[in-house]
Amino acid sequence: APDDDDKIVGGYECPKHAAPWTVSLNVGYHFCGGSLIAPGWVVSAAHCYQRRIQVRLGEHDISANEGDETYIDSSMVIRHPNYSGYDLDNDIMLIKLSKPAALNRNVDLISLPTGCAYAGEMCLISGWGNTMDGAVSGDQLQCLDAPVLSDAECKGAYPGMITNNMMCVGYMEGGKDSCQGDSGGPVVCNGMLQGIVSWGYGCAERDHPGVYTRVCHYVSWIHETIASV
């Protein structure tokens, strides 16, 4: 099975609260990222599913109490009904918060996309995953600027494994990527949430860019799900 892709390599420490939509999913420890898309709702990857999750908002250094954090428990965790643990198709889930988050400069929403990302568009990926393959996670939020790759490049890197609901973001030459620990976290292009960190082979390896859930295919599912609960 593909590795869950969960740490940023070759990026930089985000300026504090530069990506205030980025949240940490916690079950006694940080295990995945997510994105705040409404005061009461977070989107993440379905492979990050846990029945109960504490969502930590306004975080920068997840090992320290910096005074800006808000912790809110989940009241519902909803995986996409067509999620496949086999090929990670439809790797998206929604987390309903037990109370809406208060928005401020540390905690803010990211817009859902109005269209799909295009090849070559530059995006910001943020997360707390490991900074070296197999190493411990970085405690400060890491950022990476990376381009959306073409479908041809993506399918060429992972023959037979890329569905229409996936896209590759990153560098074919390797050295910069998201990895274990960033899973579920955001890919933001032009102010819109276009990707969710999903999977990849290894981390920052040549010819194996990160694979991301294509959020633009799920906007109606997100709206319908939020409206129905």
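Just so it is clear, glycine is given a Cβ too, placed from its N, Cα and C backbone atoms.
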According to Swiss-Prot, Cys216 takes part in a disulfide bond; indicate which of Cys32, Cys48, Cys116 is its partner.
-> Cys116
What is the disulfide partner of Cys48 among Cys14, Cys32, as given in Swiss-Prot?
-> Cys32
Going by Swiss-Prot, the cysteine from Cys168, Cys179 that pairs with Cys154 in a disulfide is Cys168
Checking Swiss-Prot: of Cys143, Cys179, the cysteine bonded to Cys14 via disulfide is Cys143
Looking at the disulfide bonds in Swiss-Prot, identify which of Cys189, Cys203 pairs up with Cys123.
-> Cys189
Based on Cα distances to His47 (active site, charge relay system), point out the closest of the recorded positions Cys32, Cys123, Asp177, Cys189, Cys216.
-> Cys32
